[in-house]
């Protein structure tokens, strides 16, 4: 092998090793920051074809509805627990902190935290989901003041209010 080919081979090997090392380090760093999304049924019965359940200590996000009657608050601290359910089961979520204003029993919620024993998720963050038709009270009042008829009545008219 002539010296020119030899140097190109060494250069190609160094580049491949560098790319492999970089990819490995990036995947290792991301592994601790990846939060998989689970429903309560997937936590209880497994996710996917292989029915993989989350490991104890795994970071995850759980989404579902807050079970009516399951919210329990500690009167002295900000600690609370509630159950999140779907059609296939319910999982207990514990949280310490102030909940979002839209958090209610029977409402959708997404909790991000760590899976623990006893099918419990220790949440670090709780996000309340709302109906896409939700309108803040201020906007609703403004719409009532500015629009005396429903939006459907405005279809088929031009900007002057005359029928098209």
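The backbone N, Cα and C atoms fix where each Cβ goes, and this holds for glycine too.
Taken from Swiss-Prot, the feature topological domain 'Cytoplasmic' applies to 1-8, supported by sequence analysis. Across the range of the topological domain 'Cytoplasmic' (1-8), the DSSP-based residue counts are 6 helix, 0 strand, 2 coil.
Marked as transmembrane segment by Swiss-Prot: 9-29. Taking Cβ pairs closer than 8 Å, the transmembrane segment (9-29) reaches residues 1 in its own chain, all 6 or more past its ends.
Across all of the topological domain 'Periplasmic' (30-164), the predicted model scores a mean pLDDT of 78. Per Swiss-Prot, topological domain 'Periplasmic' is recorded for 30-164.
Among the features that Swiss-Prot reports, heme binding site is placed at 130, 134, with the record citing sequence analysis.
As annotated by Swiss-Prot, region 'Disordered' applies to 140-164.
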